Amino acid sequence: MKVLLFCIVISLTTLIASGQDIEEELRCPGGYCVSKYLCPNGTFIDDIKHAQTTQLIGLRAGLDIDDFDDCNDYLLVCCQSAPAPTATSTEKPATSDELIEPPPSTNLACGQANEGGLIYDLRNNETLSQYAEYPWVVYILALKKQEANSGDFVCGGTLIHSRLVVTTAHNTDGKTDLVARFGEWDISTTKEPFPQQDIDVAEVIKHPQYVFNPIQNDIALLVLAENVQYAAHIRPICLPQPTDEFVGQRCVSNGWGKERGVYANVMKKLTLPVIGRANCTRMLRYAGLGPFYTLREGFLCAGGEVAVDMCKGDGGSPLACQTESGTYVLAGIVSWGIGCGGFNTPGVYVAVNRYVQWLNEHIVDQALNESFDIKL
C-alpha cells in the first residue's frame, strides 16, 4: 500500500507542477474531466504537500459502469477543482490519459490475488471483477495483418510463468500472429490506471494427444517472445498438484465472454461449484449427450446453476480455486459446454491437475527458471 500511495502522490505532484494546458475536450460543467482516482471526494487534490496521510492511505475511487457523468466515460469524473490552465502549452494533460506507473510486485509468490481489487471500488456489481483483482488472467488476440496495432479477440488465457501462458488447444487452431495482453480489465477503454503489456506469442505448443472431435487433451502452452514484467496488476497463478481435487469447492472463473447474450467489456467474475465426475456425467447425459456419454479423464465440471456460467468467448479462461492458505491454483481451463447457464448443465473445463507433468516438462525444456515456487 505504501508503494501504491507513493506512485499516486508522485503522479499527482508532477501533474500539478507541470501547469499543462487543459484542452477544451476535457472541460465539463464546473470543472474538468479527470480520472476518478485523482479526484477523491469530488475535488482535485491540489495541495499534495499538505494533504493528510489519512486522506491518501487506502484511497479508493467508487465506480459504477453505468455512470458516465458529464465526461462520457465511467472512469472519469467532472472534478470541481483542477490545475489552472496555461496559455502556452499544447500538450495533452495528464489528468485523463497518462497512466501512473504500477507499483512493482513485492510479493513474488504465485497465486496472490488483489482481494477487492486496486484503486477502484466497482459498485452495483455481482458478476464483474474489480480492477486488477485477478492479475493472472490474460487477453489473447490475433493481429490484423492489414491494420497496425489492431487485433481480434481470440480467447482467454492464464499466466503461469513470466514466459508462459496456458490456454485451450482448440482456441488456437488455425490462429497465427497471436499476442498476449497482460493487465487488461475493461476492453472498451484505455483509461485504466496501470499500463497493459502486449507480448507476441513466439510458439504454440499443443498437447501431443490433442484431438478436436471428440475433444480430448484440450490444452496448449503459449511461449512468449519475451518475459512479461510482473507488477501489482500482473502476476502468475500457481499450478495444482497432480493429486489435488476440487469437488465441492466454489471456485472463480474470469473472462470476457457472453453474459445473458452480450459480450462483456469488463472482466467477469463468476463463482461456480466444482462437480464430481460421476455427477457431471449424469447431468450431461440428461442435457442431451445421451445415455452412453462418459466425461473423459482430462476434464472437470463446474457450474450448473441458472444464469451463472462461462459462455461463448470464455474459452481458454481460468477456473481458479483458493487453498486454505489463501493462495489460488489453476484448477481448470474453460473448454466447452452445452448452452450457457442452464439448470443442471455445468460447463466443462480442462482438469489442469491431469497435465501438470506435461506442463513441467515443457518448463524444463524451455530452461525457464523463476525466483518463486510455481507449485509443480
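Including glycine, each Cβ sits where the backbone N, Cα and C put it.
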*asked:* Which one, Cys28, Cys39, Cys110, is listed by Swiss-Prot as the other cysteine in the disulfide with Cys78?
replied: Cys28
*Quick one: Swiss-Prot says Cys71 makes a disulfide with which of Cys33, Cys39, Cys110?*
Cys33
*Averaged over the domain 'Peptidase S1' (114-364), what pLDDT does the prediction give?*
92
*What three-state class does DSSP give Asn279 (N-linked glycosylation site)?*
helix
*Using C-alpha atoms, which one of the recorded positions Cys28, Asn125, Cys321 comes nearest to Cys71 (disulfide bond)?*
Cys28
*What is the number of other Cβ atoms found within 10 Å of the Cβ of Cys311 (disulfide bond)?*
23
*Please work out the number of neighbouring Cβ atoms within 10 Å of the Cβ of Cys71 (disulfide bond), leaving out its own Cβ.*
23
*Spatial neighbours of Cys79 (disulfide bond) among the recorded positions Cys28, Cys33, Asn279, Cys340 [C-alpha, 10 Å]*: Cys28, Cys33
